[in-house]
Amino acid sequence: MMGESIPMPARKRQLVTQQSTVWSRRQHAVCVRRACKRYGTTVILDNLNMTVPKGTIYGLLGASGCGKTTLLSCIVGRRRLNSGEIWVLGGKPGSKGSGVPGPRIGYMPQEIALYGEFTIKETMIYFGWVNGMTTKQVVEKIDFLIQFLKLPGPNRLVKALSGGQQRRVSFAAALIHDPELLILDEPTAGVDPVLRQNIWDHLVSLTTENGTTIIITTHYIDETRQAGLIGLMRGGRFLAEESPAFLLQKHNCDNLEDVFLKLSLLQNRFKRRRSSILLEVTQAAAATMPELNDGGTVNQAFDNSSEISGEFGDSITSMGSRRKSIPVIPPIQETVDPLPPDEEVPWTWKEFFSVITPHHMKALVWKNALWMLRNVPIMLFIIGLPVAQIVLFCLSIGKDPVGLKLAAVNLEVNTSLGNCPVIDGCVYENFSCRYLNHLRKRTHIVDFYDSSREAELAVLKGTVWGMMEFSPAFSSALQSRIELGRSANDSDILDSEINIRLDMSNQHIAYLLIRDINIAFETFAEELASLCEVNPKATTIPVHFENPVFGPVTPNFTDFAAPGVMLTIIFFLAVALTSGAMLIERNEGMLERGLVSGITGVEILLAHVITQFVVMVGQSIMVVMFALFVFNITNKGEIIWILLLVILDGMCGMTFGFVVSCVTDSERNATYLAMGSFLPFVVLCGIIWPVQGMHSILRSISYILPLTLSTESLRSILAKGWSITRPAVYLGFISISLWIAVFLTASVLLIKFKKG
Ligand SMILES: Nc1ncnc2c1ncn2[C@@H]1O[C@H](COP(=O)(O)OP(=O)(O)OP(=O)(O)O)[C@@H](O)[C@H]1O
């Protein structure tokens, strides 16, 4: 079939007269015309034509990396060509009613594409169900396949099998439903010669008895002697597409390896000759013919005239293996074209969602649940992780720091031995010690220093958080200040002051110390006033805080942060769980395999939603219970709204996880994306700091993020006991529901439109 065997004019004539018809292309099991496929700038398929008649074994041969797998994945509808046409079983893959992808195809990908945690039987049941078989039908078939493929018992786990045995299970999974078209990517790799022969015999019997069409790639070129047709692929095209016997005879070789070698050498020589001819022609023509100055035109003309693969194969009618001559046979039925070409079917949502098939859902949900059951340690970890996180949060965040050290320089009392005696009763002495006693009750530690310099050095060294100094006349000056009021002189006012310098580098600690220093003085003054039978209120500033409307008298950070933290934990664990499960499925090849069997992206998504929803609800309940009942986070609201909001938040995380898995190719990238989005979510959603404190632009952005209004909503339920009727509460529910819809739509669209 190589170009050198046909004189150039004859070839040209052939191209002109051979008008392929849609009808004739639909008669073949697979028909590829002028297929071009590039990855970036690398051309993988270069105007390739391929014709696989029905009921044939077609051996697809070529060096590693020549594009066999790429071609097969275009045939099964998993990758799109850049240009060209593919017809499979009478339709275009992926078009309405073509049945491709679907159970008409049995696909064995190159990678194992099985779940190691499943037994052989469970694997078969899964693929059987996916392809619409009943359990009874599958079980009947398993015995035969196990015997024929010399597999160990049906209850052996796939991960406990050898590499070769795993490939055979994968092969069996492709055969289980007796498809019309079997596409096998290296099924005999790692299989011993006897079994390899058995497999080939079985394939031959499938074609003769059932009329199955088989496309098989292999690196063992000579095993394709039993194929009806073989396509030798090189440089993105076929060097030949003939029966093995014809090729051996024509090229006068003993084995197909030699034929391939010979054709490869011829292709190299032809390319060299063509480039040198082109050079000569373009140079000569450029000198004499201005219209040919454009070398590209010459190249194009030459390319077209030498287009051996132009429309070749349209003349292959039924069994290519039976052809005896180079295909100069006029094509049959050229003028008959009763079937119009497939129109691009407009995409509709209704149609998209109507593709949910019960047997697909049954298989997928069962597979996901079984995977979870087989991975109990991982599942326990996944369920236990949020509990551990909320426990850690409640134990470590929000409580007031205690045991903070302060340096006191008390010039009123000799404290060199560490003593600062408090004199009981209404005695106007040692007020400094009485005050410090109140400060100590607020769980702080007061160390005495002899001089201001020493105390200052201690602050500078970081040994203490601040220093306070009492003058020698502190008690008497304070007494004068209280008793004389506005008549008190300046020195009394000055001596009655406690001079304090704090390390303000840590805002939380500094504010806490300021608060406690003030409170200690209030309680000291109230105690003294009541001992001296003065109204204690007279000693405090005339500002009185009644009982708070909402929240405790002394608010704590734990109550503020807990709602956001609970939602963040559930959200990001759901992201990790879902994106992880989707990526494991995709990277292990199960996703690809399922999609080729006709499972849709929506079904896969829905099955994960169903199975992971159960896990996520478990996580949500445990987190809420631990936070509210073990660590007593303030809650004035109804538990049902709290749980509902946390579950919705988990669903939002799940759908975000779907988006992450759709836009990334590996677990590593998914981890980067999830981790990269974690901090923006935490800082922008008002989880650790009030939204009101943000930059005004960020504040506007913050309100549209998924966790902002929902955190505010949960805070309102917990702290204020508000119900769903309050805007602050229902806006959180609305916001998170809208985000679920956005993420779900995005992932559905990404699954639909993101193909190689
Ligand atoms: N997703 C991709 N992006 C970029 N390049 C790719 C991609 N998939 C495959 N390729 C490249 O395309 C070429 C053809 O790959 P393909 O897997 O189709 O080869 P093959 O003939 O099946 O090889 P083998 O026999 O080793 O399986 C290779 O060079 C490969 O590196």
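Glycine too: its Cβ is placed from the backbone N, Cα and C atoms.
The domain 'ABC transporter' annotation in TrEMBL covers 30-260.
Residues annotated as transmembrane segment in TrEMBL: 376-398 (among others).
Per TrEMBL, the feature domain 'ABC transmembrane type-2' maps to 525-754.
Away from its own ends, the transmembrane segment (560-584) comes close to residues 368, 371, 382, 385-386, 389-390, 393-394, 397-398, 591, 604, 608, 612, 615-616, 619-620, 623-624, 627, 633, 645-646, 649-658, 660-662, 664, 666-667, 670, 674, 678, 681-682, 685-688, 706-707, 710-711, 714-715, 718 of its chain (Cβ-Cβ under 8 Å, at least six residues beyond either end). The transmembrane segment annotation in TrEMBL covers 560-584 (among others).
The transmembrane segment annotation in TrEMBL covers 605-633 (among others).
Packing against the transmembrane segment (639-660) from elsewhere in the chain are residues 566-567, 570-580, 582, 605, 608-609, 612-613, 616-617, 619-621, 623-624, 628, 670, 673-674, 677, 706-707, 710, 713-714, 717-718, 723-724, 729, 732-733, 736-737, 739-740, 743-744, 746-747, 750: each is 6 or more residues past its ends and has a CB under 8 Å from a CB in it. The feature transmembrane segment is assigned by TrEMBL to 639-660 (among others).
For the transmembrane segment (672-691), the list of distant contacts is 561, 564-565, 567-568, 571-572, 575-576, 579, 656-657, 660, 663-664, 698-699, 701-703, 705-708, 711-712: same-chain residues at least six beyond its ends, Cβ to Cβ under 8 Å. The transmembrane segment annotation in TrEMBL covers 672-691 (among others).
What TrEMBL records for 728-751 (among others) is transmembrane segment.
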| query | In the same chain, which residue numbers or ranges, 6 or more beyond the ends of the transmembrane segment (728-751), come under 8 angstroms Cβ to Cβ? | reply | 352, 601-602, 604-605, 641, 644-645, 648-649, 651-652, 655-656, 658-659, 661-663, 704, 706, 708-714, 716-717, 722
| message | Just to confirm my parser: what is the rounded mean pLDDT across the domain 'ABC transporter' (30-260)? | response | 88
